[in-house]
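Peer 1: First the structure, then my questions, so here it is.
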Amino acid sequence: MARCGAGRAAALGLVLRLLLGLRTGPEAAPAPTSAPAHTLVQVSGPRAGSCPTDTFKCLTSGYCVPLSWRCDGDRDCSDGSDEEECRIEPCAQNRQCQPQPALPCSCDNISGCSAGSDKNLNCSRSPCQEGELRCILDDVCIPHTWRCDGHPDCPDSSDELSCDTDTETDKIFQEENATTSMSSMIVEKETSFRNVTVASAGHPSRNPNAYGVIAAAGVLSAILVSATILILLRLRGQGYLPPTGLLVAVKESLLLSERKTSLI
């Protein structure tokens with residue numbers, strides 16, 4: 001009995017399956033499942049030169065990116081063409097090239113700002129000090145001696161321009177001035193020394209020591225003359241000298257004292 005019940009149940013299940021298959025038909029058969037294929041399709045977009053005016057066309061891919069993304073420091077195109085040649089042509093959305101952020105509008109006599117906005121700046125330059133010169137393209141003052149010294153001191157190197165014809169002339173002129181100045185100083189010193197010497201000799205009152213020398217010379221001469229006369233008189237009294245010899249000796253002593261005085 002148990003076996004008959006199991007056989008009937010199996011037969012009933014087979015019949016039910018056949019009936020379900022007939023009702024659904026081949027259309028209800030489940031299709032084999034498969035993962036959808038995600039392929040990157042490169043959209044060619046508009047043809048070359050047909051991007052909107054407010055966009056930038058990537059060179060390789062042809063994609064159009066907003067013009068504000070151009071030269072913003074971020075590579076938006078796959079080939080990085082939106083970040084190329086940014087120092088040459090950093091243009092804004094209205095296609096008017098603006099100065100770089102690192103180089104703001106300045107008073108350099110060059111129209112680098114849009115709509116001439118640099119003309120509205122306060123571009124009055126303060127004058128350079130005496131002995132200085134101003135660089136041509138930069139508001140920088142440097143000493144005049146730095147001109148044509150073989151080393152560019154101006155940011156634009158304008159202090160070393162046109163030095164082929166001026167350098168030798170400037171050097172010769174400076175050397176001649178230096179030589180003339182040295183000669184003048186030497187002549188002035190020699191002249192001053194001579195004037196001081198002559199003035200000291202011609203005007204004893206300007207040299208206090210001259211009085212002492214003259215007084216000492218006069219006293220010494222008087223002592224010598226007096227001593228000579230006393231000696232000669234003593235010798236004469238002892239009979240050693242004739243009268244004529246006394247006169248000659250006195251005369252010679254006087255002449256000797258005068259010579260000594262003139263030498264002093």
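Each Cβ is built from the backbone N, Cα and C atoms, and glycine gets one as well.
From a predicted model like this one, the values you see are computed outputs, not experimental measurements.
Swiss-Prot feature annotations, pasted as is:
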BINDING   Trp146, Asp149, His151, Asp153, Asp159, Glu160  Ca(2+) 2 binding site
DISULFID  Cys51-Cys64  disulfide bond
DISULFID  Cys58-Cys77  disulfide bond
DISULFID  Cys71-Cys86  disulfide bond
DISULFID  Cys128-Cys141  disulfide bond
DISULFID  Cys135-Cys154  disulfide bond
DISULFID  Cys148-Cys163  disulfide bond
DOMAIN    50-87  domain 'LDL-receptor class A 1'
DOMAIN    127-164  domain 'LDL-receptor class A 2'
CARBOHYD  Asn122  N-linked glycosylation site
CARBOHYD  Asn195  N-linked glycosylation site
SIGNAL    1-28  signal peptide
Peer 1: Least buried of the disulfide-bonded residues Cys58, Cys77, Cys148, Cys163, going by other Cβ atoms within 10 Å?
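Peer 2: Ranked by other Cβ atoms within 10 Å, the disulfide-bonded residues Cys58, Cys77, Cys148, Cys163 bottom out at Cys163.
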Peer 1: Which of the disulfide-bonded residues Cys58, Cys128, Cys141 has its Cα closest in space to the Cα of Asp153 (Ca(2+) 2 binding site)?
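Peer 2: Considering only the listed disulfide-bonded residues, the nearest one is Cys141.
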Peer 1: If you measure from the CA of Glu160 (Ca(2+) 2 binding site) out to 10 Å, which disulfide-bonded residues from the list Cys51, Cys148, Cys154 are inside that radius?
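Peer 2: So the list reads Cys148, Cys154.
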Peer 1: Cys135 (disulfide bond) has how many other Cβ neighbours within 10 Å of its own Cβ?
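Peer 2: Cys135 (disulfide bond): 18 neighbouring Cβ atoms within 10 Å.
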Peer 1: Note down the number of other Cβ atoms within 10 Å of the Cβ of Asp149 (Ca(2+) 2 binding site), including every protein chain shown.
Peer 2: 14
Peer 1: How big is the Cα-to-Cα gap, in Å, between Cys128 (disulfide bond) and Trp146 (Ca(2+) 2 binding site)?
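Peer 2: Their Cα atoms are separated by 14 Å.
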Peer 1: Residues other than Trp146, Asp149, His151, Asp153, Asp159, Glu160 within 8 Å, Cβ to Cβ centroid, of the Ca(2+) 2 site?
Peer 2: Ile142, Arg147, Cys148, Gly150, Pro152, Cys154
Peer 1: May I ask you to report the DSSP-based helix, strand or coil state of Asp159 (Ca(2+) 2 binding site)?
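Peer 2: Assignment for Asp159 (Ca(2+) 2 binding site) reads helix.
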Peer 1: Roughly how many Å separate the Cα of Cys163 (disulfide bond) from that of Asp149 (Ca(2+) 2 binding site), to the nearest whole number?
Peer 2: 9
Peer 1: Between C-alpha atoms, which of these recorded positions comes nearest to Cys51 (disulfide bond): Cys71, Trp146, Asp159?
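Peer 2: Comparing Cα positions, the candidate nearest Cys51 (disulfide bond) turns out to be Cys71.
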Peer 1: Any idea what the Cα distance is from Cys154 (disulfide bond) over to Cys148 (disulfide bond), rounded to a whole Å?
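Peer 2: Between the alpha carbons of Cys154 (disulfide bond) and Cys148 (disulfide bond) there are 11 Å.
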Peer 1: Go through Cys86, Cys141, Cys154, the listed disulfide-bonded residues, and name the one with the sparsest Cβ surroundings, counting other Cβ atoms within 10 Å.
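Peer 2: It is Cys86 that, of the disulfide-bonded residues Cys86, Cys141, Cys154, has the fewest other Cβ atoms within 10 Å.
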Peer 1: My understanding is the cutoff is Cβ-Cβ under 8 Å with a sequence separation of 6 or more in the same chain; which residues meet that for Asp159 (Ca(2+) 2 binding site)?
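Peer 2: Expected: Leu133, Cys135, Ile142, Trp146, Arg147, Cys148, Pro152, Asp153.
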